[in-house]
Amino acid sequence: MLDFFTIFSKGGIVLWCFQGTSQIFTPSINSLIKSVILQERTGNNSFNHEALTLKYKLDNEFELVFVVAYQKILQLSYVDKFLTDIQLEFRNKYKDDLRQGKICSNYSFDHDFQRILREREAESKKEAQTAKTMRTFEQSQKSKKTVASMIENKKEEKAAKGKENKPIKTNSQVKEPEKNNSTTASVLTSNGELDEETIRKNREKLFAKIVKPKVESKPSPEATTNKKKVKVAAKSSNAKITTKDMAALDFSRKNGADMDSTQNQEIADEKLMSSEEFACVGQMRGGLRDIEPESDSDDDVQEEEIINTKTTDKRSGSTKKTRAGGMFSMFRNLVGSKTLTKEDMQSVLEKMKDHIIAKNVAADIAQKLCDSVATKLEGKVLGTFSSVTSTVKNTLNESCVQILSPRRRVDILRDAMEAKQHNRPYNIVFCGVNGVGKSTNLAKICFWLVENGFRVLIAACDTFRAGAVEQLRTHTRKLNVLHPAEKHNGQQMVQLYEKGYGKDAAGIAMEAIRYAQDTHIDIVLIDTAGRMQDNEPLMKALAKLINVNNPDLVLFVGEALVGNEAVDQLTKFNQALADNSNMTNPRLIDGIILTKFDTIDDKVGAAISMTYTTGQPIVFVGTGQTYTDLRNLNAKAVVHALLRA
């Protein structure tokens, strides 16, 4: 029933191989290596490729990989146990050669493989023939629960919730008890009740609290000046329009500037531009800069605080404890030449998982990362002075850097230059949910491209949001002021292609690409409407735009503030593009733009979640509001911020 089995080293040398059919399995094994092993996704030991299911097991002591392949339609329950038995048998038989590094020696393992395979298949048939017996109550999970844990006390839960939601009163909010209450309460009758005089005084106090004298509030002078304007009656279309009405409705003539002429419009735009924006010109030529890693000043401050606490402890008389702790802390968690197991790493991995979840990594992604680290380290022999915590942290660091490192580099400048040589425009589509900054980051990328000498056409395909076209029109005017045509041989560097609102976005994009082809514009940036991942009609419209125009690059714009939502957004965007495509290999998201990165401090987990979900690189990172606030992702800096305490 097994189609293929292979044992190879992590360096790529095949030690032994079994092939049950004439099918070529090289693409499946290569896909497993590229998509799973190299991308640190080894938490789950199963991988599907076309009609095959591949299961694998890592031997971290000898750096070996055991892979078995069989048809996806088969349900083989013995495969996991069979993989473990083959691993143990191969290790025990050739452990001397493996320790000496004799990888290229002759491994005759056919007889042992067939024997173990027959044993596992016989056990599987025997288990299938025997009737399944029901579990006893003692074997079930319910027997381990106590009666008290199964009783729900709703009153206590409500009281606990009420206490959590109730604000804590400070000393300033607590009212002091009135002195008169003690005197009135002390006057009691012989029956233990208050006398009539005390009751009358208490009633007078109660009425005095309820009925308060009304204070006449005089209207402030600001309130009188800011009174609502009286509504003016609307005039019908047949009514005559006077010169006074025309002057009131003409908003373009202000401060003596005639905004109808393009020359005066450019002058007004120049007045609106600040000197800082003009100083940005020429700063983004060539490739983008990486994100600067944060300094370790916080770590130094923490170390200083620890030293200060130790000195204060010494002054308070606890010198023995601190000295003993300092002496034996260096031997804490040390494992001398011991093979790591999952039990050894469980507590450390749980702390690591909670730490990266607090840094905004999605919960399921954090779990998969920790499972991958456990699989990678299980069976590895530690050195004499290697601690479990440092080993797990270093491995998690390497895994995160590997995830953030792109499998393929997206070089827009090179690809745009190549497209220009073939006399066609280079097309980029920007998509994402509402309010993440698609238009703003499109303008930043446009400024970067213009700085590198490319002519850009912005296609206003957001025909849904009010003000979307006007926003792009403003960016176009500002970019043309920063890079006027006089400095570029009379050529206008940025143009806007718009058709208003309510039109078909796919048709506008097609016309914009055709216009760029005719006018020899180098790059087309296609802005799309923001849409939630659950909005089916808008997702179909996006898939139509991509299928009809077949852009060179599809970029997903996402916020760095999101956690679990990032996985849901990217998964459903990719799924919608695949479901609504009529091609065998549908166009999916090619890269990610991570916006608002300057607002998250060290909560950088969204970068890990997005890259792990799609396997696509983060092409740009937005770090501010100006045109120059665009960076490349520095994987090591992001991982350093992620794992920093």
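Heads up, the Cβ atoms here are built off N, Cα and C, so glycines get one too.
Nobody curates TrEMBL annotations by hand; they come from automatic prediction.
For 130-140 (among others), the entry in TrEMBL reads compositional bias 'Polar residues'. Not one residue of the same chain 6+ positions outside the compositional bias 'Polar residues' (130-140) places its C-beta atom under 8 angstroms from a C-beta of that stretch.
Taken from TrEMBL, the feature compositional bias 'Basic and acidic residues' applies to 152-167.
What TrEMBL lists as compositional bias 'Polar residues' is 168-192 (among others).
TrEMBL lists 293-306 with the feature compositional bias 'Acidic residues'.
Counting residues 6+ beyond its ends, the domain 'SRP54-type proteins GTP-binding' (617-630) has Cβ neighbours under 8 Å at 276-277, 280, 283-284, 288, 291, 404, 406-410, 412, 437, 440-441, 443-445, 447-448, 479, 482, 555, 560, 591-598, 607, 610-611 in the same chain. The domain 'SRP54-type proteins GTP-binding' feature in TrEMBL is assigned to 617-630.
According to TrEMBL, the region 'Disordered' annotation covers 124-194 (among others).
Among the features that TrEMBL reports, region 'Disordered' is placed at 288-323 (among others).
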Go ahead and report the DSSP secondary structure tallies for the domain 'SRP54-type proteins GTP-binding' (617-630): helix first, then strand, then coil.
0 helix, 6 strand, 8 coil
